[in-house]
Amino acid sequence: MGGPLMWALLLPLLLHQAGSQTSSCSVLSGYMDWTKEYFDTCLNFSGKILTQLPQNQSLRARSVQLLDLSANGLQRLPWSFFRDLEQLQLLIVTNNSLDFVDRALXXXGCGLELLADCSCALLDWHTDRQDNCSGPELPRCLDVPTGAWHNLSVFLDVSCPSGLTKIAIGALAASGSLLLVLAIAGPVLAWRFCRHRMDQNLSKTWASQDGSRSGSGRQPRYSSQGRRPKSPANTPPRSSTPDYENVFVGPPAARHQWDELRSPPSEGGDFYMTYDSLQHESQPVYCNLQSLSQVPLDDEEYVVPGR
C-alpha cells in the first residue's frame with residue numbers, strides 16, 4: 001500500500017519537474033535536419049509543425065533523456081524514430097492529434113514515461129506496457145478541454161471499452177453512413193428497376209401482338225381429300241401400296257381447280273391444315289393416306305400460318 005500511495009503523491013512533483021525541465025530546454029530554431037546528430041540531454045521540438053516524423057530512420061541523439069514533441073500536429077509515433085534513443089526517459093507528445101502509437105514503444109523500457117493527450121490511440125501501447133512492466137507507475141493522460149491529468153487506465157476503460165481507436169471509430173462511422181445511404185437509396189433504386197422491367201415486358205407483349213397480326217396476313221395453304229363413298233364390308237383389303245395425294249402449297253387462288261375436279265365439300269365436315277415453310281414457296285407436299293383409313297375420307301384440312 002505504501003508504494004502506490006507514495007507514487008501517487010510524488011507523481012505531481014515529477015510532472016512539475018518534467019515541466020521545469022521542458023521549460024529549461026530552449027526550442028531549437030531553424031530548419032529540422034534529421035541527419036544532424038545532437039549531443040544534448042534535452043531536446044525541445046515543440047511547435048515546429050512537424051506533422052510527420054521520419055519513418056525510416058532514428059533521431060540521432062543517443063544522449064537525450066527528455067524529448068518534447070508537443071504541439072506539432074503529429075498523428076503517428078513510429079517506433080523507428082525512437083529506436084536509438086536508449087537514454088530517453090520522458091517523451092512529451094501532448095497537443096497532438098495522435099491516431100497511432102507504435103506498441104513497440106512499450107517494449108523500449110519500463111523507464112520511459114509517455115505524456116500524451118487522452119486518446120484511444122494509446123490503448124495498444126498501454127496494454128503492452130501493462131504486460132511488460134509491473135512497477136507502481138500509473139500512466140497519465142492529459143484531458144485537453146479541462147487541462148487536467150487523468151489516470152490512463154480509467155480513461156481507456158471508460159472511453160474505449162471495446163478497444164476502439166480513431167481509425168476504428170472512423171471506419172464504423174463510414175460504415176454507418178454507407179448503410180444510411182443504402183437505406184434511403186435502396187427503395188428508390190428497386191422501384192426504378194421494377195419499373196424498367198415492367199416497361200420491357202410491356203414492350204415485348206406489344207411486339208408479339210404486332211407479330212401475330214402481321215403473320216395473319218400470310219396466305220393459307222390448303223390440302224384436300226376428296227369425298228369418297230364408303231366401301232362395303234365385304235370389300236377385299238386395300239393394296240399395300242400407299243396412296244398419295246398432292247398438296248399444293250400456295251395461295252387459294254386456284255379455287256377453280258376444285259370446280260373442275262369436284263364440287264367443294266360442305267362447310268360442316270371440312271377440316272383445314274396449313275403447311276408453313278420458311279421460304280414461303282409453293283411446292284407439292286405428299287402424305288400417306290393409309291393412316292387415315294379410320295377417319296372419314298371426305299375431310300379437308302385448313303391451317304392458318306403461325307398457329
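Glycine is no exception: its Cβ is also placed from the backbone N, Cα and C atoms.
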Annotation match for N-linked glycosylation site in Swiss-Prot, from Asn95, Asn201:
Asn95
Predicted model, mean pLDDT over the topological domain 'Extracellular' (21-168):
88
